[in-house]
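**Q** Quick one: this structure, given as structure tokens, is what I'll be asking you about.
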Amino acid sequence: MASENKFYFYLTLVRHAQTMENITQIIQGHNDTFLTPFGEQQAAEVGKSLSNLQIDQIFTSDLRRCSCTAKAIQKAYTRKPVPLTESKLMRERNFGLNNGKPRSEIHEFIAVAKASHRGCQMWREAQGECGHQIFWRAVNFFFELCEFAAMQSNKTEPNFSAENPLKDYSLPVFLPLHQVPLPQAFKPFQNQHRNGVNNTTNCLQQVGYKGHFVLVSHGQWIREFSYILYALAEKTRGFPLHRQMVAVLGNCQFNQFGTVVDYEKLSARIACIRSAIESALREKERVKNARFCPYDLTDLAEDLPISSVCYHSRVDADSVKEGIVSAPPVVVATGKQSEEEKNMEKSEMAIAPAAAGSGVETLYFAREDDEYAGLPEVKQTGL
């Protein structure tokens, strides 16, 4: 199947169901932990909620807590078989020797790493991933997702304006919509005839619809992936402030996005960025420079040729009934707020090469915290 130059898809990003480590706030990282009985119930309920939508593909981390959640979603979707693909790129951040330790000890490690100006190198010495590395994994998965989408046949576009759009379970996101559906949400796809008349309809028809993909992953990984959609896109709509997006989802909470991809331009960027990473890894092996981080993605200072919409944020199964979300709409950042945040982060990225070279993890890349960032501390009694 030939790839499309421009296409769009919808995404539902689901955090895995509850584990005992979630309750006790033990950093799981790459540890392959089990769902609790309540977690199994959560997974079944989110699967039942998502079964009201059209789902075309499920992608999941291969770690058990995600794959079990994803299989519950797949099992609940009985209208047609839905393929499920596991990916190691979707794993939680590897905290190395700190996997399985209490959250407080991770914070102590982070504080020492920052104070010593050896952030990236300290994570490698602890056999873990620095913030640049998990971000690269999320970026690389996004690239693979776009490559996958480009090779799919175009699907029938969802009809949000139908008299009863929920009747045949053909919508990719829950109602009500507080943002315009794709691809109409963005203007770049309007061309003009030589006579000066806009040819919106014909141009929109050139943007193929590739479907609705459900991604099941982990707290910090979802933060990194979401960051790509709202901070590295050329155009965005419907997103809240950055600090609200950074907060980790609760177990089985989910976000819903739509993304338009200019694949002709993106494929060139993909080749460039992957080549840069491969070259940096070879250089790292050759010079053995402890402070050099090969996952420094300064090339991403330039926006990716994508446009994204946030339709729903931090939704859980309890707020969904028959395809309708009762949760409050996303409080959207103003254009000025979004621009100020983006300029601030681009400014931080401008100094990232020097910071990465000195071994310091920058806020832009790392958002240095853990898989429970933004969640309240849990006080345990009788465990």
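Positions of Cβ are set from backbone N, Cα and C atoms, glycine also.
OK, TrEMBL features for this one:
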- His16: active site, tele-phosphohistidine intermediate (ACT_SITE)
- Glu92: active site, proton donor/acceptor (ACT_SITE)
- Arg15, His16, Ala17, Gln18, Thr19, Met20, Glu21, Asn22, Arg65: substrate binding site (BINDING)
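Tell me about the setting of these features in this model.
**A** Listed in sequence order, the residues of the same chain lying 6 or more apart from His16 (active site, tele-phosphohistidine intermediate) and placing their CB within less than 8 Å of its CB are Leu35, Gly39, Ala43, Ser61, Arg65, Cys66, Cys68, Thr69, Val216, Ser217, His218, Asn251, Cys252.
Look at Glu92 (active site, proton donor/acceptor): DSSP puts it in coil.
A simple way to gauge crowding: the CB of Thr19 (substrate binding site) has 21 other CB atoms within 10 angstroms, across all the protein chains here.
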**Q** Note down the number of other Cβ atoms within 10 Å of the Cβ of Glu92 (active site, proton donor/acceptor), including every protein chain shown.
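**A** Its Cβ has 26 other Cβ atoms within 10 Å.
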**Q** Would you list the other residues of this chain near substrate - those whose C-beta lies within 8 angstroms of the C-beta centroid of Arg15, His16, Ala17, Gln18, Thr19, Met20, Glu21, Asn22, Arg65 - in sequence order?
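**A** Same chain, not in Arg15, His16, Ala17, Gln18, Thr19, Met20, Glu21, Asn22, Arg65, Cβ within 8 Å: Gln28, Thr33, Leu35, Thr36, Gly39, Asn251.
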**Q** Looking at Cβ-Cβ distances, which residues of the chain lie under 8 angstroms from Glu21 (substrate binding site) while being 6 or more apart from it?
**A** Ile27, Gln28, Asn31, Thr33
**Q** I'm trying to understand the geometry here, so how far is the Cα atom of Ala17 (substrate binding site) from the Cα atom of Glu92 (active site, proton donor/acceptor), in Å to the nearest whole number?
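**A** Ala17 (substrate binding site) to Glu92 (active site, proton donor/acceptor), Cα-Cα distance: 14 Å.
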**Q** Looking only at Arg15, His16, Ala17, Gln18, Thr19, Met20, Glu21, Asn22, Arg65, the residues listed as binding substrate, what is the longest Cα to Cα distance in Å?
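**A** Value for the max Cα separation, rounded to a whole number: 15 Å.
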